[in-house]
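This report refers to the structure that appears directly beneath it.
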Amino acid sequence: MSQQQPRRPKPDHSRDQEPIKYSDVFSVTGELASKPIAPQDAAAMQSAETRVLEQTRKSGPAAVMESAAAANERAGLVRHDQANVTGDEGVTVTKTNAGGEAWITEAVEGQVVGQYIQPEVPAVNNPSVTPDPITVGEALETAALSAADKAVELTDVAAIQAAERRATGINETLPGGVAAEAQCAATRNARTMRFEDKTTLSDVLSDATTMLPRDKAVTPEDADRVVAAELRNNPYMSTAPGGVAASMAAAARLNQNSTT
């Protein structure tokens, strides 16, 4: 009489898998760095973003946390009702108005995980003189002045690509265009050791208007796409002061003021 062999238990791969922690997606330190991102943490950040921004940014901290938390839950590493961020600080989204610009700061347990400009336009009375609207090319040239010495990096390339596509309506990088030149500059800079030898935004963007085959006035939607691109490609989830995203946001604000 044969005996039935006992079944070997299926391996529990979740025991060997590490959860996605805050330090895996954000530049954070201390106890927070080692905490897994949980579903209720992500839900809290989504709620905070919605209260302040009236939406959840597609590439913002809430979206990043949602993706990480969902992956952790699917792997059985966290519960759906689990929250690892608690206390008075918890998750926060704040808006600070400075010089007519709305700066958004997102934090978890007091540590900043995202900071960027929200294209926001305050209402003004009808001006007696209506200036010409600022174009995408002109906004890029403004960045060449306000962040002249900034070495071109991949985050700048992403923002310039987004700006070029919004200006031309062509959803690809144009050969010989300003975005292609920025990509080449970022590649060279990655291999260049001395800072003084790196290619800067001033080198790439000074003649942006002449390098765009088609240009257009900057709108808040244009600025928002560029801000999102720069933010999404920056490991610190922030935009560069005076950089491409900041210049586009300022142009959108000024253009809206001139037509209000």
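Every residue gets a Cβ built from N, Cα and C, even glycine.
From a predicted model like this one, the values you see are computed outputs, not experimental measurements.
Look at TrEMBL and you will find 1-23 (among others) tagged as region 'Disordered'.
The annotation compositional bias 'Basic and acidic residues' is assigned in TrEMBL to 9-21.
Under the heading domain 'SMP', TrEMBL lists 20-75 (among others).
Counting only same-chain residues 6+ beyond the ends of the region 'Disordered' (37-64), those with a CB under 8 A from a CB of the stretch are 19-22, 25-26, 70, 72-73, 78-85, 90-95, 104, 106, 108, 113-114, 118, 228-229, 231-232, 237. Residues or ranges marked as region 'Disordered' by TrEMBL: 37-64 (among others).
The DSSP breakdown of the domain 'SMP' (134-191), given as helix, strand and coil counts, is 40 helix, 2 strand, 16 coil. Residues annotated as domain 'SMP' in TrEMBL: 134-191 (among others).
As annotated by TrEMBL, domain 'SMP' applies to 199-257 (among others).
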*Under the DSSP assignment, what numbers of helix, strand and coil residues are found in the domain 'SMP' (199-257)?*
36 helix, 3 strand, 20 coil
*Would you report the average pLDDT that the model assigns to the domain 'SMP' (134-191)?*
94
